[in-house]
Amino acid sequence: MGGNHTQTKFILLGITDSPCAQAPLFGLFLLIYIVTLAGNLGIMVLVWVVPSLHTPMYFFLTHFSFADVCYSTVISPKMLADLLSEDKTISFAGCVMQFHGFAFFATAECHLLAVMAYDRHVAICNPLLYVTAISSRVCWQLVAWSYLFAFLSAIVYTGCTFGGSFCEPNRIDHFFCDTSPVLKLACSDTHSSEAVICAFVVINGVSTGAVILLSYICILRTVLRMRSARSRSRAFSTCTSHLAAVALFYGTMFFVYLQPAASHSSLDKVASIIYTMVTPMLNPFIYSLRNKEVKDALVKCRRRILDRC
């Protein structure tokens with residue numbers, strides 16, 4: 001990540017420059033962040049304390065919730081502080097760290113979504129082989145590979161984004177250090193960096209997307225062959241929540257990162273808010289409100305607490 005970095009700090013312009021909108025947005029996004037933390041940490045604790053949820057599906061879900069908490073935390077506290085402060089500066093090192101953390105956990109989520117789709121594929125299409133195919137060792141290996149690919153990809157994204165020279169102005173037209181707004185400030189040519197970033201986004205997106213697509217094609221074929229309506233309903237219920245999370249996450253991410261540089265607009269901020277703040281908040285509700293096992297576990301936990309009281 002060499003280069004003649006002439007900037008020691010950046011200024012994040014944020015979501016809006018309207019003083020009247022700062023306080024209401026702070027209240028809204030603080031609430032979203034609190035709900036995100038409570039929901040995802042709640043899922044992690046619930047899976048940990050309820051033995052019936054000690055299965056591969058919920059093991060992957062805890063790591064997915066962990067990634068949600070982490071990449072939301074990489075962005076939200078700084079954004080919330082900037083909404084109430086006139087000093088919206090961030091150091092060069094802080095900008096690099098923020099982007100690397102975001103890239104790492106966002107990419108990890110892509111791979112974890114693919115792992116979760118594969119898990120559902122084996123559970124529905126090959127239930128007799130599920131215990132051996134998705135053993136505890138395999139679960140840890142799949143999660144480890146997800147984090148490894150994410151870490152290596154994040155290094156490439158960060159190197160390409162911050163590897164050049166930066167000159168005046170030092171104002172990033174965004175609420176966090178993201179690829180496109182940062183590259184707009186580069187003095188050097190960024191075409192090769194943009195091409196590499198786009199290639200890695202495509203590689204990660206296509207590879208994980210292909211696993212998800214093929215998994216659900218097989219699942220759909222298997223479900224349609226089931227004679228029992230109850231079995232079909234149960235199979236679909238375990239998949240719809242995952243598909244909702246996939247559609248929300250991939251849709252907004254692809255909108256931002258797979259469009260030409262000249263096409264970026266103010267809509268990028270709206271899409272970024274969705275995948276950095278709204279999606280992590282909604283995921284616990286998507287996975288809990290549509291999942292009978294999670295709802296039953298919540299009822300059991302509530303009964304235990306009430307009995308102790």
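Cβ from N, Cα, C; glycine included.
Straight from TrEMBL, the features:
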- 39-287: domain 'G-protein coupled receptors family 1 profile' (DOMAIN)
- 25-50: transmembrane segment (TRANSMEM)
- 57-76: transmembrane segment (TRANSMEM)
- 96-118: transmembrane segment (TRANSMEM)
- 138-157: transmembrane segment (TRANSMEM)
- 199-223: transmembrane segment (TRANSMEM)
- 235-258: transmembrane segment (TRANSMEM)
- 270-289: transmembrane segment (TRANSMEM)
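Sequence-remote contacts of a segment are chain residues at least 6 beyond its ends whose Cβ falls under 8 Å from one of its Cβ atoms, and for the transmembrane segment (270-289) they are 15, 29, 32-33, 35-36, 39-40, 42-43, 61, 64-65, 68-69, 71-72, 75-76, 102, 106, 174-176, 178, 241, 244-245, 248-249, 252-253, 255-256, 295, 298. For the domain 'G-protein coupled receptors family 1 profile' (39-287), the model's pLDDT averages out at 86. Of the two recorded stretches, the transmembrane segment (199-223) does not lie close to the transmembrane segment (57-76), with fewer than three CB pairs under 8 Å once pairs fewer than 6 apart in sequence are set aside. Within its own chain, the transmembrane segment (57-76) has Cβ neighbours under 8 Å at 29, 32-33, 36-37, 40-41, 43-44, 47-48, 98, 101-102, 104-106, 108-109, 112-113, 115-116, 119-120, 123, 139, 142-143, 146, 175-176, 238, 276-277, 279-280, 283-284, 287, counting only residues six or more beyond its boundaries. Away from its own ends, the transmembrane segment (138-157) comes close to residues 56, 59-60, 63, 99-100, 103-105, 107-108, 110-112, 115, 118, 179, 196-197, 200, 204 of its chain (Cβ-Cβ under 8 Å, at least six residues beyond either end).
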